[in-house]
């Protein structure tokens, strides 16, 4: 809404700006009518009711950021962000551990179903087609569950979405355990798939948003480690039930019923985990977001700078995604056909990561290890399950090694190493069938393939996928990556036995080897390095790597208004008229988006103030000793 003017069109809210920089300085703690005390980063200007562009006493939450930056936090606010009883690092690891347990749901189902399907086929007399549908349907439905989670996590929060995922999984697992017919079993399986898909999306997003850059990679990789721990637990449970429980009808029910335990633990843990600070800030809950940052970052200055960077990123990409209005959540069209070119580039990278990970056929090796070993000549049921456990052990070892190396060597080197060695081991598996190797050598190369896959392609896919997307679209965008990933996984799982019959097992693995070879070129030419960068830096680097121009709706941090401001730098933003958090006065605020300026003004504890009209826009210029400035509408 335009500023007030008199009959001659002159601004009546603020006096004209002088061509000479003002000498007025506000000292720390000094009260100046119309301005907040100690304006370290910016200032307030009071406005009258008719200028408030919002109805019903609403607040535009972005103005709250100006209050946080405009003065040092009060003593009460500093107490609000006290790290509490445990250190920030301990809390971060606890958040990552508890939320990543959602991945155990998928892993346990994959592992236990490889053993349970043999007993289910025998108990219910299933055909090969029915068995394929039962096994593969989970990942197909998980793909759609991921889409639901993307919307739910953006609208309701990361914690709420995790709770929804757990509730759906518990319902599905209980239904499978009690089912008496194939239709009932399949229905429970579909519900379980929805829960798995929801958890698969939200956990890496939550961990990505709550962890600092120097440990983010290995903690997000924890989600994939948990998948493999779940797979191994499923294998062990299946092996134990085979040996200890005689009745066939009871074996598979106990195997599937034990899957209820992990989501129950997760639901309990959610009662003390904080919400994602980036999600809170993106929804306008600035104070709550800052409080969470204070709990997960020990250094108060770093917490404030992180808040500043998050707000800038949300404003920039939020405006771009919504045509200049960051109060609205970006719709699916802005994710699928984004106006923000950075989102488009991130979508290309993310969807490629989701596709190539599954196209190599890793799910076939995981789900059908007993069938592959049986085709190689291993006939004993106990030996088949023991061999399957070995595959799970080597898969887990690869994941652990990746977590150790990810912050030391980076993402790209591990992607390239993993894709190249996976191609070679897939060729060896194919050769083992063509040359009719015995079961033991086949088991060795199968374990080698899973190890090579797990040092890069397995854990890093969703590490990078969760990192490359801007905050405003991260939930929906990652859900699209999961959709492609799980859909392809389900298609491979439901068709592998048919492909093996048509091409022979050796031909099937040769096909996967050729696909894996093609993926090497994608990882080399298209995947950016994200190691050690903040989420906000990654978006900027992605734009530079793909030679993208800055979106016109995003913040321009280098606009100059020339001699009118003595060549001072100006930081414009949208008009935001809100109530300040402290006094309740109606104010129009904006803060500098320049971290160096913030540091210098914080150190100087003073700012020069000039008021007037610049380019037809009323405002206040806060000037630091560095001759930089921020513009207050």
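Backbone N, Cα and C define each Cβ position, glycine as well.
What TrEMBL records for 95-531 is domain 'Major facilitator superfamily (MFS) profile'.
As annotated by TrEMBL, region 'Disordered' applies to 1-39.
The transmembrane segment annotation in TrEMBL covers 91-117 (among others).
Long-range Cβ contacts of the transmembrane segment (129-149) within its own chain (Cβ-Cβ under 8 Å, at least 6 residues beyond either end) map to 106, 109, 113, 117, 120-121, 161, 164-165, 168, 182, 185-186, 189-190, 192-202, 363, 367, 475, 479-480, 482-487, 489-498. Under the heading transmembrane segment, TrEMBL lists 129-149 (among others).
Annotation comment: TrEMBL describes 161-183 (among others) as transmembrane segment. Cβ atoms under 8 Å from those of the transmembrane segment (161-183) belong to residues 99, 102, 105, 124, 126, 130, 134, 145, 149, 152-153, 189-199, 201-203, 206, 253, 256-257, 259-260, 263-264, 266-267, 270 of the same chain, restricted to positions at least 6 beyond its ends.
Sequence annotations record features per position, and here TrEMBL assigns transmembrane segment to 189-207 (among others).
Among residues of the same chain six or more beyond the transmembrane segment (219-240), those with a C-beta under 8 A of the stretch's C-beta atoms are 92-93, 96-97, 100-116, 203-204, 207-208, 211, 255, 258, 262, 366, 382, 385-386, 388-389, 391-393, 395-396, 399-400, 402-403, 406, 454, 458-463, 466-467. According to TrEMBL, the transmembrane segment annotation covers 219-240 (among others).
Same-chain residues lying 6 or more positions outside the transmembrane segment (252-273) and placing a CB less than 8 Å from one of its CB atoms are 94-95, 98-99, 101-102, 104-105, 108-109, 112, 115-116, 119-120, 123, 159, 162-163, 165-167, 169-170, 173-174, 176-178, 192, 195, 230, 234, 237-238, 241, 245. As annotated by TrEMBL, transmembrane segment applies to 252-273 (among others).
Feature annotation from TrEMBL assigns transmembrane segment to 342-359 (among others).
According to TrEMBL, the feature transmembrane segment maps to 383-406 (among others). Within its own chain, the transmembrane segment (383-406) has Cβ neighbours under 8 Å at 111, 114-115, 217-218, 221-222, 224-225, 228-229, 231-232, 234-236, 238-239, 242, 365-366, 369-370, 373-374, 414, 439, 443, 446-448, 450-456, 458-460, 463, 531, counting only residues six or more beyond its boundaries.
Marked as transmembrane segment by TrEMBL: 413-434 (among others).
Residues annotated as transmembrane segment in TrEMBL: 440-465 (among others).
If you look up TrEMBL, you'll see 477-500 (among others) marked as transmembrane segment.
Annotated transmembrane segment per TrEMBL: 506-526 (among others), in sequence order.
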For the transmembrane segment (189-207), what are the same-chain contacts with Cβ under 8 Å, counting residues 6+ beyond its ends?
95-96, 99-100, 102-103, 105-106, 109, 134, 137-150, 152-153, 158-159, 161-162, 164-173, 175-176, 216, 219-220, 222-223, 259, 263, 276, 462-463, 465-466, 474-475, 478-479, 482, 486
The transmembrane segment (477-500): which same-chain residues, six or more beyond its ends, come within Cβ distance under 8 Å?
128, 131-133, 135-151, 153, 197, 200-201, 204-205, 335-336, 343, 346-347, 350-351, 353-355, 357-359, 361, 363-364, 367-368, 371, 375, 461-462, 465-466, 469, 508, 511
Are the transmembrane segment (506-526) and the transmembrane segment (440-465) close enough that 3 or more Cβ pairs fall under 8 Å, when only pairs 6 or more apart in sequence count?
no
Could you give the residue numbers and ranges of same-chain residues that sit at least 6 residues beyond the transmembrane segment (413-434) on either side and whose C-beta is under 8 angstroms from one of its C-beta atoms?
356, 360-362, 365, 375-376, 402, 405-406, 441-442, 445-446, 448-449, 452-458, 460, 504-507, 509-510, 512-513, 516-517, 519-520, 523-524, 527
Cβ under 8 Å to the transmembrane segment (342-359), counting only same-chain residues 6 or more beyond its ends: which ones?
317, 320-321, 334-336, 419, 457-458, 461-462, 464-465, 468-470, 473, 477-478, 480-485, 488-489, 492, 512, 515-516, 519, 522-523, 526-528, 539, 542-543, 545-546, 548, 551
